[in-house]
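Visitor: First the structure, which I've put down as structure tokens, then a few questions once you've had a look.
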Amino acid sequence: MSASVQPVLKAESKNLNFYYGDFKALKGISLPVHDKRITALIGPSGCGKSTFLRCFNRMHDLYPGNRYDGEITLNPDGVNILSPKVDPIEVRMRISMVFQKPNPFPKSIFENVAYGLRVRGISKRSVLEEKVEEALTNAAIWNEVKDRLSDLAFNLSGGQQQRLCIARALAIDPEIMLFDEPTSALDPIATANIEELMAELKERFTILIVTHNMQQAARVSDFTAFLYLGEVVEFNDTKKIFTTPDNPRTEDYITGRFG
């Protein structure tokens with residue numbers, strides 16, 4: 001990324017707190033998310049990375065006792081997506097998610113990708129076929145599955161299943177894509193394929209990724225946030241975070257002194 005090009009703000013958390021019942025898991029997190037860039041969230045287990053990520057598409061709404069305090073604004077309209085007046089289904093149409101382990105539906109390859117389109121009210125077969133092909137192509141798996149779209153998704157390899165899940169997320173044309181440790185269950189070759197795919201996707205989408213893999217964060221991201229005990233310790237350009245961090249705790253974590 002050229003230093004002369006100022007990134008555009010796509011979303012922003014503002015003094016975000018999150019509670020699992022009485023437990024305060026996130027503490028006053030204010031963090032920018034830049035448009036068409038990859039932002040990595042790093043930190044030890046239990047630091048709040050995935051909790052923070054799941055705030056962006058209101059996944060916590062699915063469980064009673066969880067509550068938010070603060071805002072996440074989504075541009076260009078500046079809407080606070082955590083507002084109870086905002087439909088979480090609409091949020092999930094704008095912000096899609098790919099999980100740690102591939103989670104294809106017990107349906108055909110075609111229907112896995114078409115699912116979100118049908119939810120959006122698209123039923124015309126020719127439109128579905130066009131958009132499914134586009135999503136599978138953008139997820140770099142079309143050539144591997146184009147002759148077996150009626151096969152069950154479970155018949156695919158782990159790496160193929162994860163790319164199928166990415167295609168499913170892409171099909172609804174989201175503004176932001178969330179990746180929660182998307183390669184932790186994959187072998188090195190499949191991991192490299194997903195990382196290469198993310199580099200291509202950021203040309204059109206804004207990406208937030210949670211990873212425990214420091215090398216992966218350094219390879220794929222433009223910006224990195226280090227979280228610890230529910231707080232942001234440091235946020236900066238990824239190169240600076242990994243070479244000359246401002247906070248000693250960041251350096252200690254990256255170099256393996258704790259974590």
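Even glycines carry a Cβ here, placed using N, Cα and C.
Grabbed the feature section from Swiss-Prot, which reads as follows:
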type	residues	note
DOMAIN	11-254	domain 'ABC transporter'
BINDING	GLY43, PRO44, SER45, GLY46, CYS47, GLY48, LYS49, SER50	ATP binding site
Visitor: Hey, what's the Cβ neighbour count for GLY48 (ATP binding site) at 10 Å?
Guide: 22
Visitor: Could you tell me which of these binding-site residues, SER45, SER50, has the greatest number of Cβ atoms within 10 Å of its own Cβ?
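Guide: Going through SER45, SER50 one by one, the largest Cβ count within 10 Å is at SER50.
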Visitor: Does LYS49 (ATP binding site) have same-chain partners at least 6 apart in sequence with Cβ under 8 Å from its own Cβ, and which are they?
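Guide: In sequence order, the residues whose Cβ lies under 8 Å from that of LYS49 (ATP binding site) (at least 6 apart) are LEU41, ILE42, GLY43, VAL210, LEU227.
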Visitor: Around the ATP site (GLY43, PRO44, SER45, GLY46, CYS47, GLY48, LYS49, SER50), what further same-chain residues have their C-beta within 8 angstroms of the site's C-beta centre?
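Guide: These residues sit around the ATP site: THR51, LEU227, TYR228.
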Visitor: Mean pLDDT, the domain 'ABC transporter' (11-254)?
Guide: 96
Visitor: Got a sec? Which of these binding-site residues, GLY43, PRO44, GLY46, has the most Cβ atoms within 10 Å?
Guide: GLY43
Visitor: Using all protein chains in view, find how many other C-beta atoms are within 10 Å of the C-beta of CYS47 (ATP binding site).
Guide: 23
Visitor: When DSSP is mapped onto helix/strand/coil, what comes out for LYS49 (ATP binding site)?
Guide: helix
